[in-house]
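The next block holds one structure in the form of structure tokens; read it before the comments.
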Amino acid sequence: MTILKATDIGISFGGVKAVDGVSFSVSPGQILSIIGPNGAGKTTLFNIVSGIYAANRGTIHLADEDVTGLAPHKLAARGLSRTFQNLQIFQRMTACENVMVGRHLREKCSLLPALFRTPSVTRQNRETRAAALDLLAYVGLKDVADVPAGSLPYGACKRLEIARSLAAEPRVLLLDEPAAGCNAVETEEIDHLIRQVADRGVAVVLVEHDMKLVMKISDRILVLERGRPLAEGTPREVRDDPKVLEAYLGQHGAREAARA
Amino acid sequence: MGALTNQRFLILAVLAVVIAVLPFVFPSSYYFRVASLVWVSALAAIGLNILMGQAGQVSLGHAAFFGIGAYAVAIGPAHLGIPPWAALLIGAALSAVLAYLVGRPILRLKGHYLAIATLGLGVLVALVISTESGWTGGPDGMPVERLILFGWRVSGSYTWYWVTGALLLVGTWIALNLDETPTGRAFRALHDSEVAAQVVGVDVARFKLQAFVIAAVYASIAGSALAFMNGFINPDQAGFLHSVELVTIVVLGGLGSIVGSIVGAAVLVTLPQALTIFHEYEHLMLGLIIIVSMIFMRNGIVPSVSGLFLRRARS
């Protein structure tokens, strides 16, 4: 069963084909990693799938519904959530408020009750905060719940973004380099976290440069090079693929690796 | 949560006490008048602060809505026979509708571009007011009928002190309410990162528009109150300089701080009165004080001072 399916995606910026004929699909509980050298089009692909860019061609289906070209907030309402490579934290809000914003779609949000703070607003606030605190505990940030997010260390912000994206209870989660800039211990924590999320039945699409992490947790891997799909398969298949070695290490490097 | 609710009550309680106690120290009716001006400016600034400080969208034409509110209560009773109190509500509704219609296209713009677009709106409204002299009295302005509420004729600087003070309390209460709701959080979220707000499901265009409409209604009601209080209105109230004054109050007091908008209004309204001792150097001194306070209190008066106290308390 497929939950997210992208077919023949392509986008050009000026004359550059940033993404060109890429297809992939992912099922609930599955972790699909997208890897490739810098500039391969991984983040661009994420931006298309999450509705931030409009693709020149191709279609995206979410749970059998054609969602091509929908705005990000509408995709979010259909169960797609993501994190960002360059942190997009709400700096001036507390960690807890960040996650509370993640619950936006689960909250009733009418203006008049908000202006006059009816009891229902207060009650909902309490529920949202409780849910947010649970998620913060889940990613190990409960102690800093009321600290402004802007003053949290980098690794904590990475986990905060994951907690915020989970708060929407997504069916598909796109993670853009969740371990980038994290030390070995932090990477380990994020590794566990992603596995747990997938085990809950969320389809995870991961862009990551940490090959140890990718090889360990991925069910499938899609390799991109200069916007085009290069290879796809299980971690083992991809690791042994000479084309992949060549893309990463060059021809000479690939010969060396083959001899080793 | 408990702490935040308490903070909300504390702010309202302090404000209520200040409004109640000031009359005991005021030596003349002139002081009541100046204080009423502070309350009215603060009301308009609080609305603008929801737009600028919380939702992060600039408006350089906000006096337009202030002017619409003011002229609604002038024109409504004089030309159309509408009761003054109803004219206030109609003015607020007109401002909301105009903000909605104009906001939809221009809130797609960001930063400087949005500033110029809102500036254009402000100039346009001011122009209409000063040229349609058959309705508005043109550049000379026009008189405003007294507000009559349930047979009570609201007049005199003493009475208006209490009426504007009550309006400010209600406006503050509503703004504080809004802050800790899904809507308030959506405002602050799209301020910090629009793209992140979108991907968690915040309809950014809708919430920007809401903030713009709320700010317009605040300004409109403040404008109506000033017109009633003065009994006279002229196009300056809708003009560019007044827009700049409102933005200055918000930034000086502290972007995003509701209390800041009240403090900012108090400073910007009373300072020129105090600086009259400098005679012809009055405006020079005013400008200098604003520049210096922005250099040393970059986040505005209230956030800077409260930050200082928090650091002291911790160490």
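A Cβ is built for glycine as well, from the same backbone N, Cα and C atoms used for every other residue.
TrEMBL entries are annotated by machine, without manual review.
The transmembrane segment feature in TrEMBL is assigned to B:9-26 (among others).
Same-chain residues lying 6 or more positions outside the transmembrane segment (B:32-51) and placing a CB less than 8 Å from one of its CB atoms are 19, 22-23, 26, 57, 59, 62, 66, 157-158, 160-161, 164-165, 167-168, 171-172, 175, 178, 187, 211-212, 214-219, 221-223, 225-226, 229, 245-247, 249-250, 253, 255-258, 260-262, 264-266, 268-270, 273. For B:32-51 (among others), the entry in TrEMBL reads transmembrane segment.
Remote same-chain partners of the transmembrane segment (B:58-76), defined as residues 6 or more beyond its termini with a Cβ less than 8 Å from a stretch Cβ, comprise 44, 48, 51-52, 82, 84, 86-88, 90-92, 94-95, 98-99, 111, 114-116, 118-126, 129, 135-136, 142-145, 147, 212, 215-217, 219-228, 233, 235, 237-240, 242-247. What TrEMBL lists as transmembrane segment is B:58-76 (among others).
With a cut-off of 8 Å between Cβ atoms, the residues of this chain six or more beyond the transmembrane segment (B:82-102) that come close are 64-65, 68-73, 75-76, 121, 145-149, 209, 212-213, 215-217, 219-221, 223-224, 228. Summarising the annotation, TrEMBL assigns transmembrane segment to B:82-102 (among others).
Positions annotated as transmembrane segment by TrEMBL: B:114-138 (among others). Counting only same-chain residues 6+ beyond the ends of the transmembrane segment (B:114-138), those with a CB under 8 A from a CB of the stretch are 57-64, 67-68, 71, 74-75, 79, 102, 106-107, 234-235, 238-240, 243.
Annotated transmembrane segment per TrEMBL: B:158-178 (among others), in sequence order.
Annotation comment: TrEMBL describes B:211-229 (among others) as transmembrane segment. When Cβ-Cβ distances below 8 Å are used as the criterion, the transmembrane segment (B:211-229) is approached by residues 36-37, 40-41, 43-44, 46-48, 50-51, 54-55, 57, 59, 62-63, 65-74, 84, 87-88, 91-92, 94-96, 98-100, 103, 107, 144, 146-147, 154, 157, 160, 163-164, 167, 171, 178, 187, 237, 246 of the same chain, each at least six residues removed from its ends.
Nonlocal intrachain contacts for the transmembrane segment (B:249-271), taken as residues 6+ away from its ends with a CB within less than 8 angstroms of a stretch CB, comprise 11, 15, 34, 37-39, 41-42, 45-46, 48-49, 52-54, 168, 172, 175-176, 179, 188, 286, 289-290, 293-294, 299-304. Residues or ranges marked as transmembrane segment by TrEMBL: B:249-271 (among others).
According to TrEMBL, the transmembrane segment annotation covers B:283-301 (among others). Same-chain residues lying 6 or more positions outside the transmembrane segment (B:283-301) and placing a CB less than 8 Å from one of its CB atoms are 248, 251-255, 257, 260, 263-264, 267, 271-272, 275, 307.
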